[in-house]
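Q: Got a structure for you, questions after.
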Amino acid sequence: MFSNAFTDKAVMAELVAKMLWEIKAVHFRADEPYRLASGMASPVYIDCRKLVSYPRIRSAVMDFAAATILREAGFEQFDVVAGGETAGIPFAAMLAERLGLPMIYVRKAPKGHGRNAQIEGYMPEGARVLVIEDLTTAGGSMFKFIDAIRAAGGVVEHGIALFYYDIFPEARGNMKSKGVDLHYIATWRNVLAVARELALFDEKTLNEVEAFLNAPLDWSGRNGGVRALAVQ
């Protein structure tokens, strides 16, 4: 169970950023940009799935996730924790254990045989469900799972991402307009701040990353990626 130690939010963000650098989950590559699934060109890439392979780090991150939810959403607001296929599943299991709640997971699509289920596990009608993902850019992938839960009779008013890109100012407002408050621990700003503090890259690379964070679609367009993107 969660220890109820409520670390300061800024401290949690900085520590998670440092942990992500420590396990080499973060990559900066301004001279040869990554191409994201959205079509955007990006000088940054993160693999939060690596967290599951580092027990001490994953334990700390999940403690921070529990603290974030209890502080920002409340102690008795949820009946079930849900993770999306596949990256969200292990984090849902760990967060559910800390919060003392049941867990379900949501497939990207019904499995197509047997019960043709999209939701695995037991979710009572009207259950208040907390959805967790390892990371989110604008909430689009999270809403695929939220829509499935709502269609099955669950109530979703909160989602949490361990890492939030925080590059589109309208993203959280869009989620709020659909009835969901987004919570998160760390962002690219935290990761960049640690990179500067520890001098992990040359100044040119750091400045390019900051330029991307300030105007991601402009940066993408200048570097061969899409110049427009519907933030849903």
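Placement of Cβ uses the backbone N, Cα and C atoms for every residue, glycine included.
Under the heading 5-phospho-alpha-D-ribose 1-diphosphate binding site, Swiss-Prot lists R107, K108, K111, H113, E133, D134, L135, T136, T137, A138, G139, G140, S141, citing sequence analysis as support. Under the heading orotate binding site, Swiss-Prot lists T137, citing sequence analysis as support.
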Q: For K111 (5-phospho-alpha-D-ribose 1-diphosphate binding site), name the DSSP secondary structure in the helix/strand/coil scheme.
A: coil
Q: Using a 10 Å cut-off on Cβ-Cβ distances across all protein chains shown, tell me which of the binding-site residues (R107, K111) has the largest neighbour count.
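A: In terms of Cβ crowding, the pick is R107.
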Q: Taking the Cβ of S141 (5-phospho-alpha-D-ribose 1-diphosphate binding site) as the centre, how many other Cβ atoms fall within a 10 Å radius?
A: 19
Q: Please work out the number of neighbouring Cβ atoms within 10 Å of the Cβ of E133 (5-phospho-alpha-D-ribose 1-diphosphate binding site), leaving out its own Cβ.
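A: I get 25 for this one.
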Q: Test of understanding: give the count of other CB atoms lying within 10 angstroms of the CB of G139 (5-phospho-alpha-D-ribose 1-diphosphate binding site).
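A: G139 (5-phospho-alpha-D-ribose 1-diphosphate binding site) is surrounded by 24 other Cβ atoms within 10 Å.
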Q: List every residue in the same chain as L135 (5-phospho-alpha-D-ribose 1-diphosphate binding site), at least 6 positions away in sequence, whose Cβ is under 8 Å from its Cβ.
A: I46, C48, A87, A161, L162, F163, Y164, Y165
Q: Give the number of CB atoms, excluding that of T137 (5-phospho-alpha-D-ribose 1-diphosphate binding site) itself, located within 10 Å of its CB.
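A: Neighbour count, Cβ to Cβ under the 10 Å cut-off: 23.
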